[in-house]
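Sharing a structure, written as structure tokens. Questions coming.
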Amino acid sequence: RFVGSLGTIVIKCKDLRIIQLDIPGMEECLNIASSIEALSTLDSVTLMYPFFYRPMFEVLEDGWSSFLLEQEFEHLSSVTNEWRLSCVNKDFSVCPSYPPVVIVPKSIDDEALRKVALFRYGGRFPVLSYYHKKNGMAMLRSSQPLTGTNGRRCKEDEKLINATLRSGRRGFVIDTRPLNVAQQARAKGGGFEQEVHYPQWRRIHKYIERFHILQESFIKLVEACNDQSHNMDRWLSKLEASNWLTHIKELLTAACLAAQCIDREGASVLVHGSEGTDSTLQVTSLAQIILDPRCRTIRGFEALVVREWLQAGHPFQQRCAQSAYSNSKQKWEAPVFLLFLECVWQIHRQFPCSFEFNEHFLILLFEHAYASQFGTFLGNNESERAKLKLPQKTMSLWSWVNRPEELSRFQNPIYEANSLVIWPSVAPQSLQLWEGIFLRWNRPSRFLEEAEEERINIIKYNKELQAKVNVLRRQLAEMEADGEVQEGE
Amino acid sequence: SHAVLLLQVENVKLLDRYASRKAASGTLYLTATHLIYVDTSAEVRKETWILHHHISSVEKLPLTTAGYPLLIHCKNFHVAHFVIGQERDCHDVFTSLLKLSQPVKPEELYAFSYNPKMSKESREMGWKLIDLKLDYQRMGIPNDCWEITDINKDYEVCSTYPPEIVVPRAATKAVVMGSSRFRSRGRIPVLSYLYKENNAALCRCSQPLAGFSARCLEDEQMLQAIREANPGCPFMYVVDTRPKLNAMANRAAGKGYENEDNYENIRFKFIGIENIHVMRSSLQKLLEVCEMKSPSMSDFLTGLENSGWLRHIKAVMDAGVFLAKAVREERASVLVHCSDGWDRTAQVCSLASLLLDPFYRTFKGFMVLIEKEWIAMGHKFSHRCGHLDGDPKEVSPVFTQFVECVWQLMQQFPCSFEFSERFLLEIHDHVYSCQFGNFLGTCHRDREELRIFEKTHSLWPFLLQRKQELRNPLYRGFTAYKELQPNTLPFSFQFWCGMYNRFDKGMQPKQSVLEQLLSCLRHSVSLEESAAQLEN
């Protein structure tokens, strides 16, 4: 925009901030605008910031190897021997969007896996997502089966998922599409598990919105939050019309359903939608937040993001390209990961003492998923990351975050490890707009930050006192012991 | 335990509205003051107590396979859904509750029988805990411009004002009496709050009996005296908190609003806060939304919008913010009224004081504020809360809205209040409970006639005793924040689940940050003691 020779550049950022720069001189302004335009829409991944970023900190632990599936498997092996690590995908030939190693039932060999991969969309055969130690039930995830219109079946597929069932027990397939969509998918070669071939499995369709619907919802919500109108009805109707909180509620409901099947029904669960790279991962990762206390620690949550999102092949580069201010209709853009983070935040709000991390940690992940100096969220899957040689050429977000001085900013002062399953309420009254993301730039944060400081101070003071009392007690005990020794002499 | 048992019914189920859990089964007791339900099906004995005064409605629903349902709505938004085995029992409980929950005579109110085993002296001390004169002293009154006068000691100026009021020194008795004849129900302009830093005053009154053309010299002199008490500003605001249309309609009845031409140097302004009837129906709609059975997000948000509730809360907040700004930034005195000056006026004056002065954000200060702007100035608690069987059209959640505005401020300024949400809920409960004398009757004169100072207890000492559990652990002290300047864009207002769905435990956060921090503070205190002992 120009007024006289004063130019104004409005920059709309992926973290939802809007910055306005007033620049004197038309030419300078145009130059700056075109530079920003060019630099913010790079075609080639290898020209992006992570490839040029030089860290100003000492790397204590290389984040690229912090969360290997082998470690996860070791952990699993200490409680069960029903599973094995398979390297069938080591060169990404069986499933291009899977990592080189996956965890599968022990009784299923690689040859069978290859056959199952041909029966599942994109080769995404069922793999272990989560093992519920409490009762030995498993959560699997995959993509849709390619049954087509003539009801194709695959004995190995049936055998694979049946291997996760206890004798005489049933399992649940949670299909994240409505029944009619799943039926229509058959015409395009897709489909769903039919009762005749999977008699031990009960299918539940729990619809979760996809792609452009979510992106439109995101855009509408951000637009509503930026509206400076004082009209309350207008705000509430825009909030409602964005449907954002509806998606949050549906997603949490689906996650609770999966968690319930496992924990309350004592059944194994297979989750999939069409591709198995979006709604599937939302459900499986949120169910783990509910079920598994480890996922509520900082390290555990990082591991969850790596395992269930990065290694599981959520196409970050496609989904998190432009964020809410994109005007060009990006076909693959969708706030799938943000919705997941917000659901975690909603659960966090309801169980504020059960998470080791604070809200800032979730906001950090949102920011870095969309734009980062670190290579962690580049590429769409492990195969692409390997081709880009990201571990060699870029720094991992985890290398930075897991340094003690950074970690301290993300710690929840009132955390108390809680080994229980935490069931969130999904009633509309219990769900709130995530102010930390959506109102962050629209209202002063000073008073909320001061409240956070106070919380930290209260806990810190308590811990210091406890330490002091402990020291005094020990000294007293030593003095008494000395006294006794002397008396004994 | 020693209460007289009026009725006992076995095999009563208490339905849980939201959880799909099995309904509780147990025994229902009616005493003179409470409905008590004891859940005998649970492993641990669980009791539900409902004060009869809290009951706003009792409904018999159509027979179900489980028995005869009885739905009880409470004024503190508790909803209890009982199912009783026998029709006869159900009918007995129903008729008893109707009678018990709608006392006809004031003497039947709980406060007159409530006996906490306290000495006469401490009871009397309790009533002296809040001294409004001290608050005026804090503002520097009496001073050159303002005086505390007992001109209303025989209620000749105004029957609904307290005996002592604060008026400009320059206003003679003739001016006061003249103005009183020109204001609805004699509610003349009096001082509500003086902002010491710049002498700007917040004053309140009722609407003038202006009709289409009437004027009153004394009333004009009264306003002039108020304006001149603040020499730093050449004008004063007169704020009518009603929507303009309502105010205009009042002119036909010989009431109305100030004509700017008749009063020297006033700036007249309407702030459209709706009347008690609109507010009552808005709350009704809100509660219907809160009670919906598994609503979708869309149902809930649409219902919230259609109820208009948050729109009204925002209107009250906006008015409070306007007053505080006028006083602080424009250094202007403000005279506020609505129709009678005891509903909207009480809301916005108390809110503006709270925004301007950190004292009112302490335990003691908040009690003073309620005593001053609500109780002393004649907010008709008895009618608005429906304490007695009376006109349902007089009932309105005016005080509830004020309490909610304070809660909304707590959300934006978590460290600026000495007390927590619990304190607000506690006060809100007692406004309806009639357990203490403070909120009985409609005005000071009424309370004198009811002899509440001799016969009942004051709420405030009881709440102060519980300071530890009602405090806000994040409070940064009196001096940390002076004025509050809240954001009033619509997104700054949240639905208050802790109030309107307070008894639906499943909807509340399962872990409380407040409780966690309070217990941490308690622990710290005991550690400090241990440390001190050990060091000796």
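Placed from the backbone N, Cα and C atoms, the Cβ positions cover glycine too.
Pulled the feature table from TrEMBL, pasting it below:
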DOMAIN    B:126-500  domain 'Myotubularin phosphatase'
BINDING   B:ASN275, B:ILE276, B:CYS338, B:SER339, B:ASP340, B:GLY341, B:TRP342, B:ASP343, B:ARG344  substrate binding site
ACT_SITE  B:CYS338  active site, phosphocysteine intermediate
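So that I understand the layout, could you describe where these features sit and how close they are to other parts?
Around B:ASN275 (substrate binding site), the same-chain residues six or more apart in sequence whose CB sits under 8 Å from its CB are B:ARG242, B:ASN246, B:SER339, B:ASP343, listed in sequence order.
Taking the Cβ of B:CYS338 (substrate binding site) as reference, residues of its chain lying under 8 Å away and at least six apart in sequence are, in sequence order, B:SER206, B:GLN207, B:ASP240, B:THR241, B:ARG242, B:ILE273, B:ARG344, B:THR345.
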For the recorded substrate site formed by B:ASN275, B:ILE276, B:CYS338, B:SER339, B:ASP340, B:GLY341, B:TRP342, B:ASP343, B:ARG344, name the remaining residues of the chain with Cβ within 8 Å of the site's Cβ center, in chain order.
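Going along the sequence, the neighbours come out as B:THR241, B:ARG242, B:THR345, B:VAL398.
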Within the chain of B:ASP340 (substrate binding site), which residues six or more apart in sequence place their C-beta under 8 angstroms from its C-beta?
B:SER184, B:ARG185, B:ARG187, B:SER206, B:GLN207
Mind giving me a neighbour count for B:ARG344 (substrate binding site)? Other Cβ atoms within 10 Å of its Cβ, every protein chain shown.
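Its Cβ shell of radius 10 Å holds 27 other Cβ atoms.
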Within 10 angstroms of the C-beta of B:TRP342 (substrate binding site), what count of other C-beta atoms is obtained when all protein chains are considered?
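Result for B:TRP342 (substrate binding site): 26 other Cβ atoms within 10 Å.
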Rounded to a whole angstrom, what is the largest C-alpha distance between any two of the residues B:ASN275, B:ILE276, B:CYS338, B:SER339, B:ASP340, B:GLY341, B:TRP342, B:ASP343, B:ARG344 that the record assigns to substrate?
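Farthest Cα pair among residues binding substrate: 12 Å.
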